[in-house]
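Asker: I have a structure here, written as structure tokens, and I will follow up with some questions on it.
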Amino acid sequence: MAELDTDLDHIIPSSVLPPFWAKLVVGLVSLLCFARSYDGDFVFDDSEAIVNNKDLQADTPLGDLWHHDFWGSRLSSNTSHKSYRPLTVLTFRMNYYLSGGFHPVGFHVVNILLHGGISVLMVDVFSVLFGGLQYTSKGRRVHLAPRASLLAALLFAVHPVHTECVAGVVGRADLLCTLFFLLSFLGYCKAFRESNKERAHSSTLWVLLSIVLGAVAMLCKEQGITVLGLNAVFDILVIGKFNIVEVIQKIVRRDKSLENIGLLRSGGLLFRMTLLTSGGAGVLYVRWRIMGTGPPAFTEVDNPASFADSMLVRAINYNYYYSLNAWLLLCPWWLCFDWSMGCIPLIKSVGDWRVIALAALWLCLIGLICQALCSEDSGKRRILTLGLGFLVIPFLPASNLFFRVGFVVAERVLYLPSAGYCMLLTFGFGALSRHTKKKKLIAAFVLGILFINILRCMIRSGEWRSEDQLFRSALSVCPLNAKVHYNIGKNLADKGNQTAAIRYYREAVRLNPKYVHAMNNLGNILKERNELQEAEELLSLAVQIQPDFAAAWMNLGIVQNSLKRFEAAEQSYRTAIKYRRKYPDCYYNLGRLYADLNRHVDALNAWRNATMLKPEHSLAWNNMIILLDNTGNLAQAEAVGREALELIPNDHSLMFSLANVLGKSQKYKESEALFLKAIKANPNVASYHGNLAVLYHRWGHLNLAKKHYEISLQLDPAAAGTKENYGLLRRKLEQMQRKDV
């Protein structure tokens, strides 16, 4: 590989070639690319995997992590995506503990540092891939390709396709998987450091350690197990120096020297292959048992090509997806957080012009494979084969070849395969430099690519800092993606901009007429705007399309209740509970329906169910207290209020409701204390001051009553009851003054 390094000497200066300086440069550049994302928010999938994931919180037993998927659902659940990544979730939990809560800065900093560490580790990995394994008499590995390994590591460190993994916190699964993947590979290389038979035991231990590290990588993300396949390829091609073309030629000629091929006679190789095969099979079997021996269930919108009836259509679209992944590696300018829901329309015939992309991809791959197999240069064969191996083998779990995956294109799955691309690109630069006299032009071109990629990484990291920027950045890339419009609409609705949110929700439904979540959210907004007829139509359509959509059934019930269609509303609530048995919000709304129908016992039972399922359900507790108060059951109302405050001690609305009950029971001192505590927690609520004034009025503390009546009227001048009570108090005070005179 001295020739390749010589070809790159005009690009990489000698001053940065020593391993320490090379790794320092790579580490600093990698941190520079993504440093802008350090103070970003939790965005997109971060909400489900982190903020809403109870596995991160201290009150969840650590043992639950080993029975739950990446999103906190039980692996045995039919709705689980079977993404078993307990070690990644464990690091999230450590972040949560060290940060003292869901503070995104700590989570982002860990991701950035992980990418920096991986990029530094890539210098060693590429030095092995480019230079092979040669050791000194003292057992130190000879660094044979310093320029090539440094350039490839720099290309990896600054590749913009990595932004999703680094700037999105959930991308830590890919980062950790890659880290242990590389450690497993380097550990496997250690098995060949000693050549004499006395070191065979040490060699076996390194192979076993490599298998263990591969299993650890898989516990961070599923594709980690593919390192065992890469180790096998490395062993056969680099250590065994296996030449496929030579073997085929000997088989065709029936050459008797075939039996003398060292690879076939090597007991050590067969032993290592047996260890790798049995270890990989054992790890996969355990993984299969843990996930419930069943594949995850995905829908057509997740991966429409895998639901196509024609095998030809499926094959064409899968290959088109591969070409899109290749394009993202070649030209990572058009990046999107999500490529599903119409972003990439299906190719339904061979007459579609996009078939050209398939042809281009396979022409390139076949050309590289031919060079990797047929070249007379053993170094070239090794580099091209290992580059293709690093590119293809880690990508196999995302290829739809073995099982259906839950996405069309996902930038995150390219984090590890991009190492193979960077290796092939570096080799290409060396070959180009060797065959041209304009070496300065090649150097400028390479430096330009590095600079543009750094700039693109910084821009893209900024887009990942907030959901608004992230979602809007996708509009220019995937304008036909219904999920992009849905997410922008949801973000706008959360900020209170309902008018704009409606526009994006409508566009999402137009692009995907079966998008039930967009229908549900749009129906909710229309319900709040009192456009009940259209809201009912949308929600009815949503539950027709997806009959087990519990949230849509509940919202349909709320709309029907507002339309005074009580029987239909009750049926909708019951259907929602049928599909989601633990649904406290639905029980709460069912209780409101029963209260409107004066079915007080049923209402109390429904609210009690809500609080049993969700003890912190403040609205259900409050409604129970108010209903019992209004029906004269003061003792029961007081008991419920005290129970609620024990569970939610800082809820000012519960303090207020219980204070009203205590005041009616003539427990003035305790009632006053609760009123004052509620006012301290939320001083600008007119009713808090008004009801405290009523308490003082009854209690005989007239001056205090006057003070709080006046504060209440300042906050809400239109409160008729407070005006009337204040008028009565003023007349009483005037009478008392006249008597005194």
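Cβ from N, Cα, C; glycine included.
Curation plays no part in TrEMBL annotations; they are all automatic predictions.
Taken from TrEMBL, the feature transmembrane segment applies to 20-38, 112-132, 169-188, 200-219, 225-248, 355-374, 386-407, 413-432, 441-459. According to TrEMBL, the feature domain 'DUF1736' maps to 294-366. Taken from TrEMBL, the feature repeat 'TPR' covers 482-515, 516-549, 550-583, 584-617.
So where do these features actually land, and what's packed around them?
Answerer: With a threshold of 8 Å between CB atoms, the same-chain residues lying at least 6 positions outside the transmembrane segment (200-219) that come near it are 84-88, 176-181, 183-185, 187-188, 190-194, 225, 227-228, 231, 268, 271-272, 275-276, 279-280, 283, 287.
Note on the transmembrane segment (225-248): residues 132-133, 181, 184-185, 188-189, 192, 210-211, 213-215, 217-218, 258, 261-263, 266, 269, 272-273, 276, 279-280, 283-284, 287, 373-374, 378, 381-382, 385-386, 389-390, 393-394, 396-397 of its chain, located 6 or more positions outside it, place their CB under 8 angstroms from a CB of the stretch.
Sequence-distant neighbours of the transmembrane segment (355-374) (same chain, 6+ residues past either end, Cβ-Cβ under 8 Å): 244-245, 316, 319-320, 322-324, 326-327, 347, 380-381, 384-385, 388, 424.
Panel annotation: around the transmembrane segment (386-407), residues 81, 129, 181, 222-223, 226-227, 229-230, 233-234, 237-238, 295-296, 298, 302-303, 305-306, 314, 318, 321-322, 325, 339-340, 365, 368-369, 372, 413-414, 416-417, 419-421, 423-424, 427 of the same chain, lying at least six beyond its termini, place a Cβ under 8 Å from a Cβ of the stretch.
Packing against the transmembrane segment (441-459) from elsewhere in the chain are residues 10-11, 29, 32-34, 36, 151, 154-155, 158-160, 162-163, 332-333, 429, 432-433: each is 6 or more residues past its ends and has a CB under 8 Å from a CB in it.
When pLDDT is averaged over the repeat 'TPR' (482-515), the result is 93.
Panel annotation: around the repeat 'TPR' (550-583), residues 516, 519-520, 523-524, 527, 530, 532, 535-536, 539-540, 542-543, 589-590, 592-593, 596-597, 613 of the same chain, lying at least six beyond its termini, place a Cβ under 8 Å from a Cβ of the stretch.
The list of residues near the repeat 'TPR' (584-617) in space but at least 6 beyond its ends in sequence, with Cβ under 8 angstroms from a Cβ of it, reads 550, 553-554, 557-558, 561, 566, 569-570, 573-574, 576-577, 623-624, 627-628, 631, 644, 647-648.
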Asker: Could you give me the DSSP helix, strand and coil counts for the repeat 'TPR' (482-515)?
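Answerer: The counts are 27 helix, 0 strand, 7 coil.
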Asker: With DSSP, how much of the domain 'DUF1736' (294-366) is helix, how much strand and how much coil, in residues?
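Answerer: So the domain 'DUF1736' (294-366) is made up of 36 helix, 0 strand, 37 coil.
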Asker: Can you tell me how the residues of the repeat 'TPR' (516-549) break down into helix, strand and coil by DSSP?
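Answerer: Going through the repeat 'TPR' (516-549) residue by residue, I get 27 helix, 0 strand, 7 coil.
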Asker: Counting only residues 6+ away from its ends, which parts of the chain sit with a Cβ under 8 Å from the transmembrane segment (20-38)?
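Answerer: Residues 105, 108-109, 111-113, 115-117, 119-120, 122-123, 146, 149-150, 153-154, 157-158, 162-163, 166-167, 453-454, 457-458, 461-462, 464-465 contact the transmembrane segment (20-38) from elsewhere in the chain.
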